[in-house]
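> Shown below is the structure under consideration.
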Amino acid sequence: MDDLKYGVYPLKEASGCPGAERNLLVYSYFEKETLTFRDVAIEFSLEEWECLNPAQQNLYMNVMLENYKNLVFLGVAVSKQDPVTCLEQEKEPWNMKRHEMVDEPPAMCSYFTKDLWPEQDIKDSFQQVILRRYGKCEHENLQLRKGSASVDEYKVHKEGYNELNQCLTTTQSKIFPCDKYVKVFHKFLNANRHKTRHTGKKPFKCKKCGKSFCMLLHLSQHKRIHIRENSYQCEECGKAFKWFSTLTRHKRIHTGEKPFKCEECGKAFKQSSTLTTHKIIHTGEKPYRCEECGKAFNRSSHLTTHKIIHTGEKPYKCEECGKAFNQSSTLSTHKFIHAGEKPYKCEECDKAFNRFSYLTKHKIIHTGEKSYKCEECGKGFNWSSTLTKHKRIHTGEKPYKCEVCGKAFNESSNLTTHKMIHTGEKPYKCEECGKAFNRSPQLTAHKIIHTGEKPYKCEECGKAFSQSSILTTHKRIHTGEKPYKCEECGKAFNRSSNLTKHKIIHTGEKSYKCEECGKAFNQSSTLTKHRKIHTRQKPYNCEECDNTFNQSSNLIKQNNSYWRETLQMSRMWESL
């Protein structure tokens, strides 16, 4: 028993503060060895110390003061070194040297036993507190107790150590952690971390790239990016990544592996996050709602993109042509136009695209998959966005309104096209003949006039068309489908444009006005025909008689009259 001395040592556990180690005082018997103040001191870096607010710093000093009392109680003294603030030297906040262990246990200072808590508004470092209080100790205040082999042999003479004695027991076989201060410290620490998130303060800055963080832990994690920059390389294509997990996901591009499968429909994905997003299709959940207009989305990124509609902000500008965009991804895609780059290639037919979304849409041509079904009419679609647009046919919803004339549309693209009527803008020009259009699909359709290509063929009658939309409309002739119904009179149409024209009968609206004579029309095509009266333009020429007409319909009538006359003549000759 004489070979044993009662000691204090730190028990290290994870705490709320990044990088810090929570030290619990543990009292146990161990073989006689040199004990230092560092053994029970918690050491912080400058960044970690700045993480604490004044209340936490005070609490920390109180805990360390208690540790110091315990060491004095057990026979460890601390030297009186100059009170230099360690924080100013960017060293650990608490760094104290001790005297060598004395032959006999040192005295217990009565000054330390008077109170357990230092001043609440103390600004000094803990080292200065210790030195100031230790300096007040005089020899007459020291009460020595020699030859103590254990704690219970040492009789406490000051009331200030009553609480300390309660934490200690004379049982040599057990270890009792005293976490009286640690619990309070942990509570303060979590409260401070929570407050930092609300204030948006980011005190921890990366010296390499300048990025700031609100927590030291996040900065530590971020620093690993610089340490292991591009350290994980793909053996297949040589592309390098900062994270092993990113490399693992990348490899699936080469292997085609899709380990994350939807239990509802069996569709598989390369990433778990994509599967999570996909599942919302089945549940219909849209947890992300716009505070401005109330519109809801199933992805936070979609909400972020949507918000820019209200602000009108376009921070991403093309250096080549000056065009601005509200998304960085849209700018990246736009740049492919200038470069002529088409990095996304279809493995089935080798067709290339400048957008990944275009490739994805294209692939459905080969698979014929239509997983999105309309509950109203049972029609299937290969895209959820297409289904959303289709549903507006049944509901009559037109959320996109023109600010100039008040006309509403069920698709944003239709509103964009409509606005060009007011501006007169036609940005899409044919290189072959110079004709300009306000929509790129119109230019694409026009180009086929020059090539004569008709890739879309009707399986029913074999008729070919230059556009897939025209083929879709044509098929309704065979099926008799008329999905566009007038709510006013119940009349149905196989084209939405026909329904739009029909509705004007009920409203009497004539929004297309002739600038020359002021006459108004309910259709833009009628206005175009009318204008030829003023210009005396007659672009339609009859090959039979060289007569010219200002309307194609008049030319058709002329041709029909020739055809009827020819037919009558042939019949007359047959009767002779």
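Placement of Cβ uses the backbone N, Cα and C atoms for every residue, glycine included.
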> Using Swiss-Prot as the reference, determine which range in 20-42, 43-65, 66-88, 204-226 is annotated zinc finger.
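Comparing 20-42, 43-65, 66-88, 204-226 with Swiss-Prot, zinc finger matches 204-226.
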> If Swiss-Prot is the reference, give me the range from 139-161, 484-506, 553-575 marked as zinc finger.
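Going through 139-161, 484-506, 553-575 one by one, Swiss-Prot gives zinc finger for 484-506.
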> Looking only at residues six or more beyond either end of the zinc finger (428-450), which have a C-beta under 8 A from one in the stretch?
417, 420-421, 466-467
> The zinc finger (400-422): mean pLDDT?
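So the average pLDDT across the zinc finger (400-422) works out to 83.
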> Please work out which recorded stretch in 288-310, 316-338, 400-422, 484-506 has the most C-beta pairs separated by under 8 angstroms from the zinc finger (260-282)?
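The stretch I would name here is 288-310.
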> So which residues does the zinc finger (316-338) touch in its own chain, when a touch means Cβ under 8 Å and the partner is 6 or more beyond its ends?
305, 308, 354-355
